[in-house]
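Right, one structure below, let's go through it.
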Amino acid sequence: MKFSCGFLLIFLVLSAMIATFSEVEATVKCGGCNRKCCAGGCRSGKCINGKCQCYGRSDLNEEFENYQ
């Protein structure tokens, strides 16, 4: 009985560690999407499937200034 409880406890601890580290890795990959997209002209960015996707037009401010 002690062996099965110890095995179960080790299994639960390892599964919690794996789940925690996988979440941390996902946030690190997409942590700076808005900064990366803003570096080439301010656009919004979203993390999709672990990759940073930039949306919007970078020349929108120039067109607005020309319009006025």
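The backbone N, Cα and C atoms fix where each Cβ goes, and this holds for glycine too.
According to Swiss-Prot, the feature signal peptide maps to 1-26, an assignment based on a curator's inference. As annotated by Swiss-Prot, disulfide bond applies to CYS30-CYS38, CYS33-CYS54, CYS37-CYS47, CYS42-CYS52, with the evidence given as similarity to another entry. According to Swiss-Prot, the feature tyrosine amide maps to TYR55, an assignment based on a curator's inference.
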*What three-state class does DSSP give CYS37 (disulfide bond)?*
helix
*Between CYS47 (disulfide bond) and CYS33 (disulfide bond), what C-alpha distance do you get in Å?*
7
*Distance between CYS33 (disulfide bond) and CYS52 (disulfide bond) at the Cα atoms, whole Å?*
5
*Among the recorded positions CYS33, CYS37, CYS52, TYR55, whose Cβ has the fewest other Cβ atoms within 10 Å?*
TYR55
*asked:* Check the DSSP secondary structure of CYS52 (disulfide bond), expressed as helix, strand or coil.
replied: strand
_I'd like the Cβ neighbour count for CYS47 (disulfide bond), meaning other Cβ atoms within 10 Å of its Cβ, all protein chains included._
16
